[in-house]
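Colleague: Before anything else, here's the structure in question.
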Amino acid sequence: MSFDGRIDFFIPGVSVVGGFSICSSPRLLEQERMIELAVKYTNHPPALWIHNQCTLDSEVAVRVGGEFFFDPEPSDVSRNLVLIAGGVGINPLLSILRHSADLHRERANKGSGYEIGTIKLFYSAKNTSELLFKKNILDLVNEFPEKIACSLHVTKQTTQISAELKPYITEGRITEKEIRDHISKETLFYICGPPPMTDFFSKQLENSHVPKEHICFEKWW
């Protein structure tokens, strides 16, 4: 099924439309009629409503849209994925990561379906407490070590890093070289984060002759 990554909330009594990224896999919607959103607490009226007023059985109108998703057909050519996330930009990339894991499970169980290549997640935040979903990410890395790998970056860490996280942590920003090492004609790049980061990596990839159709990005303001 197509899963467009973004959802707009039309909330009764709130004049502003809320646009949020879906962080769950399409499989959760198919099987349980549920989607997961990670909504940061801000003064934006839709976010305030979700945190302060939304309850079980609250009703909203929704519209799904966006161009930021990975939805291969079973017969499509196998692709490697490089996912580059900055801060809350992890949300749509976690959805892609979870979907990729579901595709791999399905092929392993049925012996048919889409054959995913390798998936590498680069994820940067100020410190380990701001690395959202780290347990979910590491669970997938440990479940599929031959398929999924991650490199978690922290730029302003002041406390000690836990023993569990340490093997995956690099202090400092994601570098151009790390990304360049993953370039191949079979690899698709998905980038989501603050505009300067998104612009930097999309331009670097284009300068390294990665076709534009192999680079997908979404900016978080």
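Note: Cβ is positioned from N, Cα and C throughout, glycine not excepted.
Relevant sequence annotations retrieved from TrEMBL are reproduced here:
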type   : residues : note
DOMAIN : 83-202   : domain 'Oxidoreductase FAD/NAD(P)-binding'
Colleague: Mean pLDDT for the domain 'Oxidoreductase FAD/NAD(P)-binding' (83-202), as a whole number?
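Modeller: Averaged over the domain 'Oxidoreductase FAD/NAD(P)-binding' (83-202), the predicted model reaches a pLDDT of 97.
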Colleague: How do the residues of the domain 'Oxidoreductase FAD/NAD(P)-binding' (83-202) split into helix, strand and coil according to DSSP?
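Modeller: Once the DSSP states are binned, the domain 'Oxidoreductase FAD/NAD(P)-binding' (83-202) shows 53 helix, 28 strand, 39 coil.
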